[in-house]
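Colleague: Got a structure here, written out as structure tokens. Questions coming.
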Amino acid sequence: MLGLLALGIVLVYRGTGVLNLGHASMASLGGFVYWDLATRAGVPKILALVAAILVSGLVGVLAQILVMRPLRDASPLARLIGSLGVLVVVQSVLQVVYGADGRNAPSLLPTDRVSLWGDKAIGVDRLLLIAIAVVVALGLWAVYRFTNFGTATAAVAENPTAAAALGHNAERLAIGNWFLGGSLAGLAGALLAPVSGLDLVTMSNLIVPALGAALAGSLVSFPLTVLGGMGIVLLQSVVSAHVDVRGAGAMSTFVIVVLLMVLHGQGIASRGYIGARLPSLGSGRVRWQLVVPTLVVAIALVWFVLPVEWNQALLVSLLVAIVMLSVVLVTGYAGQLSMAQFAMAGVGAVIASEIASRNPGIPFLIILLIAAVGAVPIGFLLALPAMRMRGVSLAIVTLAFNLLLFAAVFSRSQVVMIPTPSIFGLDLSALLDPRRYLIFAIIVFALLALFLANLRRGQTGRRLIATRGNERAATSIGIPVGMAKAIAFSLGAFIAAVGGVLIAYRTSAVTYTNFDVFSSVNQLVWTVIGGVGYVTGPLLGMSFTPGGLGTEIAAAVYSADFQYLPLIGGVLLILTMILNPNGVASVMVAQSQERQKKRTSLKPITLPPRESSARRARAGKSLSVTGINMSFGNVHVLKDVSLTVEPGQVHGLIGPNGAGKTTLLDVISGYVRPQSGSVALNDTPIDDKSTWRRARLGLGRSFQSLELFEDLNVFDNLQAASEIHRKANLFRDLFWPYPPTLSDAARDAVELLGLEDDLGRKISDLNYAKRRLVAIARAMATNSDIILLDEPAAGLDEVETSELKDLVRRMADEYGIAILIIEHDVDLVMSVSDVITALNFGSVIAHGSPEQVRSHPAVVAAYLGEEVDDAPVGPEAEVVGLVGAPAPDESQPLTVKPAEKETRA
């Protein structure tokens, strides 16, 4: 059954690259259309089924035309959030039209039961559903394997530009795939409704096990997807029957999803991975002249002006806004797309309610603190999958985790009675007069927002933003990205739990079912609309909370129960992603800056004078690489590569494309582990060290693709790199972050590279040459004794290249830095290097002084493709006695000998 639903997810993903989280809502639509026509209108069931398929298919077409086509150039993450907008819109329409009550849909299939063995029996409709899923899967496999539509879809998915050159219309193919995907959702919804029941919550929750089935097929294979769906249903049935624990079936689904995602994930994003361009961030600067009067006016309005019903509505919205602050931290600052933050609020509510109901004498503030701290380990557990996955993959896992918590904890329907809150004898009960509780909530929101603003300006905030921007670059300057993610999820759980506790205490009767999966999705939606990178974003998005401020405003305007707020929220989310992914807060900030005739990013930054004009004397470390062998599958990328870089020495590494140069730098940096060989600093092996630990030991690098932190200005890029030796103090950052400063090493880099006038500029405002200099400066700012430069002259003109030569030599001569440089500009390498090593097909073909390597026949052959009679080249040659040795005497000839022949795959 799940396999049938999952087929549409796989189809849309294969055809368009979009993971459609709105697929289950399309299935719900198909189910309701089928029920409506077959039950209310008396239409024959087979015709009702056809109508359900067509209507859901049409919604798929509209999703492509109205949502995905405008987002076609956006990141996969942005399109995923766009699919959330589709989910919210369809779900809200069904809520308005059909309400929340469940329905019993008539079955199109026979409902007789057949005996299997003993007293075991199965419904004929279940068997037929399995048969239908298998037939549909085989049909889709044939269509996408043998038809022009299928081959064209595969071509567009792999290379849209090349496919367009061959005459394939990508837009038509996308519309066709979305129509087929929506139609499959309608088919699944109409056939599953009589089996699983027809209500919005049940149908929406099917998205998680359906995603698990799709992952079993690697989001590609239709037959394996059906088998995965059958396996999940079977496992859920077995676990539920034999494990007497609430939510055991959902737990098995969560475990499957996590295992599949972890197996497909990796600790650090690989080379070439392009992270999603996330919404912009606020500066974290607190304008006290605006904040203090706003708080005073807000409290005065609450106490003296607003009527009770408006205060109640404002309280509902503000409590949700507190939870939304955790979304700002986890998704905005750290870049981890979490759809489980309202579930974290539910954890806090459960802990507080269970303690308060059993121990009514414990003070309210103590319970609030215990519940918030108690949610931290749950947040940490959620951070563990984030160590190996990101973006869309992480969103799936957090959604599955949300479903697990709902099934295991929040699905209990009983009401828990708790005492009214009070502080030092002051009653804060919100039942009759919410003013005191609302003022308390305002103070809590202000404090938490202040903590986040401080965090944004502090060292911890820079580490989170660096992790969000580029994990590879973050580890290269000594930031442990796993720890950064753990801090974000743990602190996010604390903040969300505070909001959850306050939500629970708003009434004396707590119902856990309010913390459902769809509520967490809504929290994310509202925060994105308000501005997920700004602490004011929750205030701008909280009005969409049901029963909150928006409801009260709509009731005042329409004088009736207004049911369209969720629908409006879904539409606004789609428009936000298309027109302004940064949210409403970014517009207000930009307007404020425009009125002040200045932009924070362009504010000049002046460094204070040094206490001493003397430059730091580098201790100096050598880099030794010995016998590195590296293969990807059957392809031998590096073969017994050895070299040494001494302090103050520039060691050039040359070779044609595909020679293995950047892979060698990745091995030295720790991004990939070789099959054999060793890397050492000052003869101390560092093979067991992670990338960020190697950076802290003095190994820095730049990247061919720059990989700067686009969300930070030049000063913050350098500051993030220069403060790695100071232990992050999370608690100090929350209350009083260190003032911005640069280390001596970073100041040396700024002065050497002439970046004094660019410190306050955004990376996006710099020309390409300046960006190259910032990348080198960031590597120097880590106080590195050894720096790996990966094609630093790429994209530079002749004048800029000449200036770069002088800079590289000064880094080595004046600062004693050991430099290993990769560069396709052979003249540059020859002019700055003391020693050069040449690679071809992963093997060392020459090593020596620039003059010796330049004229070496194997090097000439590698670059010009000529045959050399007197020496083997490529994988059939290695240098004898010189690899890893100091530069030889220029009069001494290089000797080569044949190496064992290897077969390349």
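Just so it is clear, glycine is given a Cβ too, placed from its N, Cα and C backbone atoms.
Take a look at what TrEMBL says about it:
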- 623-866: domain 'ABC transporter' (DOMAIN)
- 595-618: region 'Disordered' (REGION)
- 884-905: region 'Disordered' (REGION)
- 46-68: transmembrane segment (TRANSMEM)
- 80-100: transmembrane segment (TRANSMEM)
- 127-144: transmembrane segment (TRANSMEM)
- 178-198: transmembrane segment (TRANSMEM)
- 210-235: transmembrane segment (TRANSMEM)
- 247-268: transmembrane segment (TRANSMEM)
- 288-306: transmembrane segment (TRANSMEM)
- 313-334: transmembrane segment (TRANSMEM)
- 362-384: transmembrane segment (TRANSMEM)
- 391-410: transmembrane segment (TRANSMEM)
- 437-455: transmembrane segment (TRANSMEM)
- 486-505: transmembrane segment (TRANSMEM)
Colleague: Looking only at residues six or more beyond either end of the transmembrane segment (288-306), which have a C-beta under 8 A from one in the stretch?
Modeller: 314, 435, 438-439, 442, 446
Colleague: Do any residues of this chain, six or more beyond the ends of the transmembrane segment (178-198), have a C-beta under 8 angstroms from a C-beta of it, and if so which?
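Modeller: For the transmembrane segment (178-198), the list is 1, 4-5, 7-9, 11-12, 15-16, 20, 23-24, 26-35, 48-49, 52-61, 63-64, 68, 102-109, 111, 125-126, 129, 132, 136, 206.
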Colleague: Determine whether the transmembrane segment (362-384) and the transmembrane segment (486-505) share at least three Cβ pairs under 8 Å, counting only pairs 6 or more apart in sequence.
Modeller: yes
Colleague: Within the same chain, where does the transmembrane segment (80-100) have neighbours whose Cβ lies under 8 angstroms from its own Cβ atoms, ignoring anything closer than 6 residues to its ends? I mean 6 or more beyond.
Modeller: 18-22, 24-26, 28-29, 32, 59, 63, 67-68, 71, 74, 199-201, 204, 337, 391-392, 395, 518, 521-522, 524-525, 528, 563-564, 566-567, 569-571, 573-574, 577-578
Colleague: Could you give the residue numbers and ranges of same-chain residues that sit at least 6 residues beyond the transmembrane segment (486-505) on either side and whose C-beta is under 8 angstroms from one of its C-beta atoms?
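Modeller: 319-323, 325-327, 329-330, 333-334, 336, 338, 341-342, 344-349, 351-353, 364, 367-368, 371-380, 382-383, 386, 418, 420-421, 428, 430, 437, 441, 444, 448, 460, 464, 514-515, 730.
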Colleague: What else in the chain is close to the transmembrane segment (437-455), if you only count residues 6 or more beyond its ends and a Cβ gap under 8 Å?
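Modeller: Distant Cβ neighbours of the transmembrane segment (437-455) are 282, 284-286, 291, 295, 298-299, 302-303, 311, 314-315, 318-319, 321-322, 325, 328-329, 333, 421, 423, 428-430, 461, 464, 495, 498, 502, 505-506, 535-536, 733-737.
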Colleague: Go through 127-144, 210-235, 313-334 and flag the stretch with the largest number of C-beta pairs under 8 Å relative to the transmembrane segment (391-410).
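Modeller: Comparing 127-144, 210-235, 313-334 against the transmembrane segment (391-410), the winner is 210-235.
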Colleague: On average, what pLDDT score does this prediction assign to the domain 'ABC transporter' (623-866)?
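Modeller: Across the domain 'ABC transporter' (623-866), the average pLDDT comes out at 91.
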